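Inspection log for the structure reproduced underneath, given as structure tokens.
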Amino acid sequence: MTDRQTGGGHPAGEAVREAAADREEAEGSLPRLDTELLIMSNTGLIQRVRDPPKPSGTTSVICRVIFSAIPIAQIAIGSVYLQDCPINHYIPIYLIVVGVFGLVLNVVTSCLPSTQEGEEEEPPTLLTRCCKFLYSLISLFLFCWFITGNVWIYSIYQPDYNKNTTNIDHYCNKTLYLFAFWTTTLVYIILCVFVACGCCVFFFICILG
């Protein structure tokens, strides 16, 4: 009787032990699964940060329209108020020059080839080399011209906006000066935003990496 009970209870005991082992294995696999999912998620995030999606054709066109509107406005304002800043007559000239070369740079940029993801980069043609050379040359000139414009604009802050003043040498048209001032300051604001975003991206890469 005892042997039958023992013999009959053996399969049940094995089943209980197997169920317990399966449960322990399943519980042990959950942390590993969570860790793997976390690693995959972090890897995907870092990959997206390092290789951001390239802008679509519509986005590129919109950006170029915006970047063309500012130089056109600079040329227009500088031309209209060319003789309206006796305190520093270089300010309207600065706007005209930076606007013209900004438009030229925009045209040169549109001539540069853009490689889509998954496409092989073709060997540069003569036109591409010329465009890259012009792009570098114009960018260097605009950088130097921008620094010069900073000196002209910020050194007279704020001028006399009253044209009927007795000392005409301190007069500068308000529209002209404020437009030049804020378009120049906007460059620094955008630069600070880019630096802040870059620091945030670098911080997340260090934390997640």
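Residue numbering: from 1, along the chain as shown.
A Cβ is built for glycine as well, from the same backbone N, Cα and C atoms used for every other residue.
The annotation region 'Disordered' is assigned in TrEMBL to 1-28.
Under the heading compositional bias 'Gly residues', TrEMBL lists 1-11.
Annotation source TrEMBL lists transmembrane segment at 61-81 (among others). Nonlocal intrachain contacts for the transmembrane segment (61-81), taken as residues 6+ away from its ends with a CB within less than 8 angstroms of a stretch CB, comprise 55, 92-96, 98-100, 102-103, 106, 109-110, 173, 175-176, 179-180, 183.
Per TrEMBL, the feature transmembrane segment maps to 93-112 (among others).
Under 8 Å from some Cβ of the transmembrane segment (133-157) lie the Cβ atoms of residues 87-88, 90-91, 94, 97-98, 101-102, 104-105, 108-109, 112, 172, 177, 180-181, 184, 187, all in the same chain and six or more residues away from its ends. Annotation comment: TrEMBL describes 133-157 (among others) as transmembrane segment.
What TrEMBL records for 177-208 (among others) is transmembrane segment.
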